[in-house]
Amino acid sequence: MTKLCLLLLPLVFLVSYSFAEEEITISISPNANPVQKPIGHQISLVCSIKKTDSNGEKPGMIWKKHGGLDRTGNVEVKKLDDYTLGLIIRNSSVEDSGVYYCQAQVGSKVYMNKMDVIVFEDIVFRDKQLHFGQVLATASVNISCEVSAKKDSVITYWTRHGKQILEGGKHKFYSRGSILEIQNYQPEQDAGQYTCEVFHVSSGSSNTKTVTLGTTGEKNYVACQQMCNSFCTDVHNKVFTNN
């Protein structure tokens, strides 16, 4: 009987030790993960340790981020109590985006949790005009998709009726592609909708704007012409494909 007790003692100790590990939890608030905020907003994270055992040992707690917390100078860490550590990002920038780790050490054991933070550029168009109405033939028309973000941090993609607009011929781009110039404007050819989509490279945020040129009659004429061309092309392809 004594030998059996001695054999079971390590097993009992192992079970008790594992159970003690499960009683320690580390959590980060807010509960939403990732945290997403526009540039310039304040972001607050709170890391908490829940410890139900009674030995009274206080955890050592730190915040970490790949590349360091002090790259932008916007991050401040505050100890709220022995089991709670806060992190504040003031006047947040895109560079403050990333994965933030809260690490706690209790005895020889290290616990960790993480929170994804995404700071995105709020893409706002400077020119609000969406319709030009009647445009004189042979005139030059400029359509602006300039935004509040820095020009070198965005990419602008232009389309007309679903097809990409490339520079050349009567189309020219200025201001790193944010302004489209249509030279020698011809209503029966150039009227219609022009769409730009602006992408912010670092944060991945985007915005879309559609500008309409020409009167209703001119737009309908161009749309009808495009439908006819598309129909003729389909018929032509089917005839020659079957032959």
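For all residues, glycine too, the Cβ spot is worked out from N, Cα and C.
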Can you look up which of C47, C102, C145, C232 is joined to C196 by a disulfide in Swiss-Prot?
C145
Quick test of reading the record: Swiss-Prot lists a disulfide for C47. Which of C102, C224 is on the other end?
C102
Measure from the Cα of C102 (disulfide bond) to the Cα of every one of the recorded positions N91, N142, C145, C196, then give the nearest.
N91
Tally of residues which DSSP labels helix, strand or coil - the domain 'Ig-like C2-type 1' (30-118):
3 helix, 51 strand, 35 coil
Distant-in-sequence Cβ neighbours of N91 (N-linked glycosylation site), under 8 Å, six or more positions away:
G40, Q42, N74
Residue pair C145 (disulfide bond), C47 (disulfide bond) - Cα distance, angstrom, rounded:
42
